[in-house]
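A.B. asks: The structure is given below, and queries will be raised subsequently.
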Amino acid sequence: MSFGSLPYDIAHLLGGAVLLMSFVLLYQRRLEAVIGAFAVQGALLAAAAFWQGFAQGAPHLYVTALLAFGAKALLIPLALRIALRRLGLHRTVETALGVGPSLLAAIALVGLSVLVVLPATAGQAQALTRENLALALSVVLLGMLMMIARRNAISQLIGLLSLENGLILAAIGVQGMPLVVELSTAALVLMLALVAGIFVFLLRDRLATLDTGDLARQRGEGEAP
Amino acid sequence: MMPLPWLVVFLPWLGAVALALAPPRGRLPALVNLGVAGGFCALALGLLGAEHGVQGWTRTDAVNLPLVALSGLIGLASAAFSAATLDCERFDGLRARAYHAAFQIFLGAQALALLSDNLGVMWVAIEIATLSSVLMVAVHGTPSAIEAAWKFFVLCGVGIALALFGTILLYLAAQPLVGQGDPGLSWGALRAVAAHCDPGILSLAFVFLLVGYGTKAGLVPLHAWLPDAEAEGPLPMSAVLSGLLLNAALLAVLRAKAVVGLHPGALAPGPLLVGFGLASLLLAAFALWRRRDARRLFAWSSIEHVGLSAIAFGLGAPFAGMLHLMGHSLVKSAVFFGVGAAAQIKGSQKIAEIGGLAASHPALGWGLALGIAGLAGLPPFALFVSEFLLVAQAAARQPWLILPLGLGLLVGATALIRVLQALCLGEPTPDRPVPGGFALPGGLLWATLPLWSLLALAVLLGFALPPGLAALLSDAAVLLE
């Protein structure tokens with residue numbers, strides 16, 4: 001099958017939009033806004049999966065799209081919002097690295113992933129696959145950056161979830177990727193979120209704060225006797 | 001009839017369902033747990049005699065069968081130890097249920113990770129094993145347990161995510177040759193076409209797989225979660241985490257290495273593994289000197305030994321590597337049982353508060369002393385043989401490696417001997433037993449029996465290797481070369 005110009009452009013546009021939302025995630029200062037941006041990223045990812053399913057003639061990608069939409073655009077953001085409201089947390093984002101430096105680092109990471117992926121895949125694969133892969137790797141790296149640059153447990157969790165968005169973006173872009181991987185990823189992200197949710201609640205119980213910086217005190221080695 | 005390898009995976013998972021649903025009444029859950037682990041062990045050992053081949057998503061070959069049999073033995077020993085010390089953990093009903101179910105899910109998942117032929121299935125299995133072990137680490141719910149579990153969860157979550165990216169890349173490399181669908185992720189199919197794949201993508205894939213699964217295997221500098229996780233959680237958890245999870249993760253790296261290494265134009269995986277291994281060995285050997293918590297100390301020693309195995313595999317001495325992996329699992333699990341029992345008797349897991357075990361509790365103290373000596377690389381355990389083989393291979397292939405390798409081995413061994421003296425010899429420290437500990441009839445015997453049996457197996461592995469197993473390990477060495 002060949003890619004005409006329209007399917008290519010739309011897939012590219014959607015992939016780019018997912019990456020754009022990773023940048024949006026990085027400059028939010030309120031947790032509600034972070035959660036909102038994550039929901040939009042989930043919806044865009046679902047749209048990208050849907051479009052790839054259509055363009056590749058691979059109907060199982062519709063399932064991936066549906067799962068991504070249900071879990072990442074609706075369920076997880078809703079659960080996080082409820083958690084935020086119930087717990088009455090302070091809602092600003094605590095940063096370990098300021099917004100400006102984070103964005104600069106993000107741009108550097110996108111450059112890095114383009115420089116790594118495009119030459120490595122030059123011998124083979126269609127342009128769409130290669131560029132999609134570069135976009136996906138950027139989303140993965142930006143997710144990691146968010147986990148490093150934010151101190152709040154919910155922000156870190158969203159960083160991890162957005163990192164997984166990047167993985168799914170990579171998986172749907174590669175033609176004929178076996179179904180196993182997509183389904184399992186989608187199911188497991190939900191499990192990850194569930195387990196993490198349990199942790200967040202436990203953290204709340206024990207420590208009355210979600211700032212993971214405070215956790216460093218709990219390390220087992222303790223003070224010298 | 002379901003193929004035997006599938007049965008090995010599904011039996012513990014069925015057991016997990018039963019344990020999660022059954023009402024926790026008295027000792028029943030611990031005994032059911034032991035029974036299921038016994039069945040798992042019998043199946044895993046039975047698999048040793050099975051034909052090698054592929055059954056759907058699983059494969060049985062010389063590389064994974066010894067490791068599966070090993071996981072059966074360690075699973076059974078851990079379940080026995082768990083039954084003996086369950087009362088020390090003071091679980092309420094829900095926690096006991098969660099703990100037992102997570103233990104069985106873990107056993108099944110790590111067996112699936114070892115047995116899978118499909119790299120996607122392997123990834124899912126390692127993910128499930130991680131989630132269940134996170135649950136086990138956190139099950140006590142104390143602040144330090146939560147911190148350890150959170151760190152474990154976040155770092156391994158990132159690691160696993162990177163491994164999936166590597167898996168996708170590996171498929172992308174093979175896709176033009178193997179076509180679409182399941183075969184594209186089959187290890188056998190990947191090996192068959194690896195020499196004709198695009199070297200750039202293969203190299204990229206290996207880097208992601210190494211960093212991703214290397215995080216799970218505890219290779220420096222991705223090891224930060226391991227000491228915290230192993231110092232918390234119920235006692236038997238440390239044994240299965242060190243003895244089984246690290247092996248499954250390292251095997252995933254080795255499978256990737258065996259694919260990527262077939263292409264002469266791709267990044268050479270060996271030197272990368274040697275580099276990570278040396279970093280792990282040296283950092284851990286020096287870190288061993290500064291530990292005050294016994295369980296943390298032995299977690300660091302796991303990092304050291306995984307590093308040694310990685311060096312062996314990277315150097316192209318897979319026989320020594322396999323022997324080292326298996327020997328480490330046996331001896332380390334035994335040592336964790338000993339440390340766990342000692343911590344219950346002395347009421348603390350600080351090294352300074354455990355002392356003179358050999359005088360006060362000879363069976364436990366001498367067992368622990370022998371185990372620690374085994375970890376330090378002293379005969380008559382398998383680790384002595386494998387370290388000897390490793391040094392000999394290093395001398396033959398890369399003589400410069402002798403210096404850092406010898407330094408790491410020596411520093412690590414002396415640190416362990418010092419700890420041996422502190423824990424087992426000298427004046428006994430006062431006992432402050434945890435209330436309700438060792439309530440089974442026979443008491444401490446049930447906690448020391450698994451320790452001694454694993455030590456005996458480690459001696460067998462080192463100096464009386466059954467010819468069948470030796471042949472299997474030699475075949476494995478060929479497959480991993």
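Sequential numbering from 1, following the chain as shown.
Positions of Cβ are set from backbone N, Cα and C atoms, glycine also.
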A.B. asks: According to TrEMBL, which listed range is transmembrane segment: B:62-86, B:187-211?
C.D. replies: B:62-86
A.B. asks: What else in the chain is close to the transmembrane segment (B:366-390), if you only count residues 6 or more beyond its ends and a Cβ gap under 8 Å?
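C.D. replies: Non-local partners: 298, 301, 305, 308, 311-312, 315, 317, 319-321, 323-324, 326-328, 330-332, 334-335, 338-339, 342, 357-358, 405, 409, 412-414, 416-417, 419-420, 423-425, 448, 451-452, 455, 458-459, 461-463.
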A.B. asks: When you look at the transmembrane segment (B:235-254) alongside the transmembrane segment (B:62-86), do they share 3+ Cβ pairs under 8 Å, ignoring any pair fewer than 6 residues apart in sequence?
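C.D. replies: Taking Cβ pairs at least 6 residues apart, the transmembrane segment (B:235-254) and the transmembrane segment (B:62-86) are in contact, with 3 or more under 8 Å.
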A.B. asks: Below 8 angstroms Cβ to Cβ, which residues of this chain, lying six or more residues outside the transmembrane segment (B:30-50), approach it?
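C.D. replies: The answer is 4-5, 7-8, 11-12, 14-15, 18-19, 22, 60, 65-66, 68-69, 71-73, 75-76, 78-80, 82-83, 86, 100, 103-104, 107-108, 111, 468-469, 472.
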A.B. asks: So which of B:6-23, B:121-140, B:152-173, B:402-423 is most in touch with the transmembrane segment (B:266-289), counting Cβ pairs under 8 Å?
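C.D. replies: Stretch with maximum Cβ contacts: B:402-423.
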A.B. asks: Below 8 angstroms Cβ to Cβ, which residues of this chain, lying six or more residues outside the transmembrane segment (B:121-140), approach it?
C.D. replies: 57-58, 89, 91, 95, 98-99, 102-103, 105-106, 109-110, 112-113, 146, 148-149, 152-153, 156-157, 160, 163-164, 167, 185, 213, 216, 229, 232-234, 237, 240-241, 245, 248-249, 252, 255
A.B. asks: Considering only Cβ pairs within less than 8 angstroms, which of the stretches B:6-23, B:98-115, B:310-327, B:402-423 has the most against the transmembrane segment (B:443-465)?
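C.D. replies: The listed stretch sharing the most Cβ pairs with the transmembrane segment (B:443-465) is B:310-327.
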